[in-house]
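Have a look at the structure below, then the notes.
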Amino acid sequence: MNMITYDQTNQSFHLTNGLISYIFAVREGILEHLYFGKAIHYTGGYRYPAADRSFSPNPPNSQERLFSYDTMMLEYPVNTGDYRTQALEIDYNDGSNVSDFRYVSYQIVQKKPALSQLPSFYDEEDGETLIIHLKDTKEAVYLDLSYTIYQNRRVITRSNQLRNESDVPLYIAKMASATIDFPNREFEMIHLSGSWSREREIVREKVFAGIKAIGSSRGASSHHHNPFMALVDPNADEQKGEIYGTSLVYSGNHEFLVEKDPYQQTRLWLGINPKNFYWQLLPDASFTTPEAVLVFSESGLNQMSQTFHQLIQERLVQSPYKNLDRPILANNWEATFFDFDEEKILKIAEEAKKIGVELFVLDDGWFGHRDDDTSSLGDWIEDRRKLPHGLAALSEKIHQAGLQFGLWFEPEMVSQDSQLFAQHPDWALQVPGRDLSPGRGQYVLDFSRQDVRDYIYKAMKMVLTTVKVDYVKWDMNRNMTEVFSTALAKNQQGEVSHRYVLGLYDFLEKMTQEFPNILFESCSGGGGRFDLGMLAYMPQVWTSDNTDAISRIGIQYGTSLVYPPATMGAHVASVPNHQTGRITSLETRGNVAMSGIFGYELDLTILTEDEKIEMKAQVAFYKTHRRLIQYGNFYRLLNPFEGNEAAWMFVSENKAEALVFYSRTLNQASTPFHTLKLVGLDPNLYYEGEQIKGYGNELMHLGFYAQPHSQGDFQSSLTYLKVTK
Ligand code: DGJ
């Protein structure tokens, strides 16, 4: 394969697969970052220009007055003398925080090593990994930087490990998963920000001098800032421009920071958020950072997204469902909320079956005495008041009706009003002597503790082995406060947030191994934990609690920047919509939901005959085009954050089929005509679909006038195209 080479003369490392190049070199024992971008030949000519800059100190024992960490491009900045944001900060036992890590050796491994306790991208004999070994000049502390490059992917993944081989503890105050230094150039940054029910809005802004950071300190990756940041050419759009898209395989607190220095160099920092993080590293222990993924696109945002999508589907998701058709589901949450009984559930399931749904999901409220959100989390025992024949019997009946059965859990939480909290009040995160802050009336269980995880595991296992369950929705409905574990020493409390995430991964690893046939969907009040860490275990996510079709267009559009359609749960709900009060047509609700993992979440027992007919047609349409939608190549065409219209499309791998979604938010009289140009088609093949016909090159360059099917506001169309000659 030989995608990684070391040039002895220049002491430089070059990772390249013909699509991208990533280059750095050793200089006076320091790793100097040279290049990340389109594949090039590197002959060693380019090095950082030497200049004596006042007030920029030289490294200890440096032979060169012209050499300063403060001004150069660095690979993993940790040494004293660089005043920008450092990758790693260590507090040593002698009270100092000065490090001086120097290059020792390198190693190239063919099989990508898995990360200790953390999910990561895997390879299938298509990756090559470079490990750089560094050592501090004073302490017996070792730093390994790992880089993986894959064949045919515009991706570098990185992770780092710190080992304490001294005989005293040290403390890690911050440790990046990756930093990238860019030489003088203009950038804009793109990130995905929002809130509950308004997740992942695309924010684009100029990179100015100084520091800008986004992140989460909520204990989860959060609705507010998704773990993603791209640096882009100012003229970049969906089809053109250079893009550096970065993300983390991590579900907890994260930070993405951009710093533009006085020499116009830009540093991108990503990793666990240093806020609330302070890790004691005992002698002989090591610490591994979550994996960073760095994508380089030379052709705009669509190429970046497709690189993420393919990598996620092919090298991250471990579930046996990763390539399987995902079932169309009906969920009772917005149909009944907590107010249901067996009879009502069976009636909804029966109607669901009639329209062609494949999986029925019983959401929150089936356990303890949970009639609202104030009780019973932690007591995973069926509520016989609502389900007099029990859960197993209900599942049996649903199966007899020809549907699979899915069940909701919120494993990481406990209600104050629960038997679990009464028995183990210390199992919630809390500071002894202080009152706990409720969120949705509940507390967070201390998943950093093995005993807590064991208990919940046993309780869930009891349900999953006595009831026939084909699908689990794993919810998480609040963020952390009082981040303190009664099981850890006081000098380890800075470890709690990360230990929690490691505990969660340990739990998920065990559960998904033990129940490989269950399809898991993750959720956190919708999209509050939509990240690569959760996707490693659960192949799909409830994208947002906002089920309004118009809001969903923006949410799904933003989400698609990183995450493929096969990860996005999307349901048709009732109108007026529960979150926005908006009334949209069943057609538009269907078109938007059919752009993801399709389902219904409304009371199917009160439908009109016309609605039933339309839903049957939607289900049949989705089944016909399911593979194209779930596993085709996805392209964004019109950005709803920039105007009144939105469009995206799916193209099959062989380009023989495509599906085009188009929507117009508000109607106008005398609307100006807009042409919509498709992408990703074969220029020389002739495509035909309802109202759209032409050769690929016509549809891509000349385009056509896009129209929704009906007059009025909030209209849309979903058009299937196939090659006819
Ligand atoms: C939040 C989820 O996002 C909803 O879909 C639903 O499952 C509720 N929690 C239940 O409490």
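Placement of Cβ uses the backbone N, Cα and C atoms for every residue, glycine included.
Cβ neighbour count for Asp475 (active site, nucleophile) (all protein chains, 10 Å cutoff from its Cβ): 23. The active site, nucleophile annotation in TrEMBL covers Asp475.
Within 10 Å of the C-beta atom of Asp545 (active site, proton donor) sit 21 other C-beta atoms, taking all shown protein chains into account. Asp545 (active site, proton donor) falls outside any helix or strand according to DSSP and counts as coil. Here TrEMBL flags Asp545 as active site, proton donor.
In the three-state DSSP scheme, Trp196 (substrate binding site) is classed as coil. Note on Trp196 (substrate binding site): other Cβ atoms within 10 Å of its Cβ, all shown chains, come to 18. Among the features that TrEMBL reports, substrate binding site is placed at Trp196, Asp363, Asp364, Arg440, Lys473, Trp474, Asp475, Met476, Asn477, Cys523, Asp545.
Residues or ranges marked as domain 'Glycosyl hydrolase family 36 N-terminal' by TrEMBL: 30-281.
Annotation source TrEMBL lists domain 'Glycosyl hydrolase family 36 C-terminal' at 645-721.
Between the C-alpha atoms of Asp545 (active site, proton donor) and Lys473 (substrate binding site), the distance comes to 13 Å. Proximity of the recorded positions (Trp196, Asp364, Asp475, Asp545) to ligand 1: a Cβ under 6 Å from the molecule is found for Asp364, Asp475, Asp545.
Taken residue by residue, the domain 'Glycosyl hydrolase family 36 C-terminal' (645-721) breaks down under DSSP into 7 helix, 34 strand, 36 coil. Each residue in the domain 'Glycosyl hydrolase family 36 C-terminal' (645-721) has a pLDDT score, and their mean in this model is 94. Its Cβ taken as reference, Asn477 (substrate binding site) is surrounded by 22 other Cβ atoms within 10 Å in the chains shown. Per the record's binding annotation for substrate, residues Trp196, Asp363, Asp364, Arg440, Lys473, Trp474, Asp475, Met476, Asn477, Cys523, Asp545 show a top Cα-Cα distance of 19 Å.
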